[in-house]
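According to TrEMBL, the features are:
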TRANSMEM  20-45  transmembrane segment
TRANSMEM  51-75  transmembrane segment
TRANSMEM  82-99  transmembrane segment
TRANSMEM  105-128  transmembrane segment
TRANSMEM  140-167  transmembrane segment
TRANSMEM  199-221  transmembrane segment
TRANSMEM  257-277  transmembrane segment
TRANSMEM  289-308  transmembrane segment
TRANSMEM  315-335  transmembrane segment
TRANSMEM  341-364  transmembrane segment
TRANSMEM  385-409  transmembrane segment
């Protein structure tokens, strides 16, 4: 740690520091929730609401639009009030997906709960830019993302195995038999399918209950208007003032940034949401082992984040981001050929290593990206620019969603072909 960093920590505003530490705990809890929603929940929805999965990117586009509408309210409401709204939305609607078999209701509940979950990811860049001294900001971006991923890794590992455990108990069979059955969910029927589905429901309800802790922690956050907007600044009134505000939001730097993330997201959203299904249904890897592979993939993100401060210092922000993107391409190409890697332990290891490397490389620059996105606009434009980025994500999601729902995922081979397309886009 440099002398400048030590001085920044020593002089850190106590209220700012307290808010940062509280959000670290909140985001850790969100990581635990995400460990379930990004893995076990998707497999559950594939059973009870297959229409949701086939059009997943469309639904994620809708959530991105709702997130963009919600995040702009930070400029008016502040951080605390938003963070008090998110946990009830997450828990209530996540639980709702477990008590109905109506696909329309499940889709609606998915949209609301996943919107609330997603807003957490938008909050910490805004808070960190306000509350963390610039001398330690990249490191603290790494810390918050690592905290989230540690919790996510643990719950991803536990989640899939918990599903198999509850399934084995309800069905009255051994864990190993239940694990083998989970590798071929399309062949399950009768009580086997019912108990397997109910096992997912138990895990999701427990997840909803855990998220209540985030609400309690948010009560203790103390923010002030000056934290999230320029106090006393009037809203643009004249055409000239509105034009100036627009140019502060949409300019060469922000447009180039949006084009970059749009290209990356276009490829990533073809593969990342479907990794559990690709492993479980296309490669026929057992449910428990799928969760283990996803756990190592999440751990790779954790390791990658630690390299962010080093990369930013040695290569600079932009070169680091470009290098991280390019090195993912060959790994995506290899993943497209997963069925050529054999079966059993050989397949598990090769696919696991490829996903581990891809995840680590793709995420090594994420803390840098989060910081860059905040510093290319001023404080008053940050919530609005975050909303613009989310709208871009929504457009990409709609494109990906229509493509996957009506063409790419019409056959199982589509899950593999998605990796070829992502390779070209990267």
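Residue numbering: from 1, along the chain as shown.
Keep in mind that glycine also has a Cβ here, set from the backbone N, Cα and C atoms.
The recorded stretches the transmembrane segment (82-99) and the transmembrane segment (341-364) do not share 3+ CB pairs below 8 A when only pairs 6 or more apart in sequence are counted, and are therefore not in contact. Most Cβ pairs under 8 A with the transmembrane segment (385-409) among the ranges 20-45, 199-221, 257-277 are made by 257-277. In summary, the transmembrane segment (140-167) lies against the transmembrane segment (20-45): three or more C-beta pairs, each 6 or more positions apart in sequence, are under 8 Å.
Counting Cβ pairs under 8 Å to the transmembrane segment (257-277), the stretch among 51-75, 105-128, 199-221, 341-364 with the most such contacts is 51-75. The largest share of C-beta pairs under 8 angstroms with the transmembrane segment (51-75) comes from 105-128, of the ranges 20-45, 105-128, 199-221. Long-range Cβ contacts of the transmembrane segment (199-221) within its own chain (Cβ-Cβ under 8 Å, at least 6 residues beyond either end) map to 18-19, 22-23, 25-26, 29-30, 32-33, 36-37, 40-41, 43-44, 47, 79-80, 83-84, 86-88, 90-92, 94-95, 97-98, 155, 159, 162-167, 170. Here the transmembrane segment (341-364) has Cβ contacts under 8 Å with residues 268, 275, 279, 283, 285, 289, 292-294, 296-301, 303-305, 307-308, 311, 320, 324-325, 327-328, 331-332, 334-335 of the same chain, all six or more residues outside its ends.
With a threshold of 8 Å between CB atoms, the same-chain residues lying at least 6 positions outside the transmembrane segment (289-308) that come near it are 35, 38-40, 138, 141-142, 145-146, 149-150, 152-153, 156-157, 159-161, 179, 275-276, 279-280, 320, 348, 351-352, 355-368.
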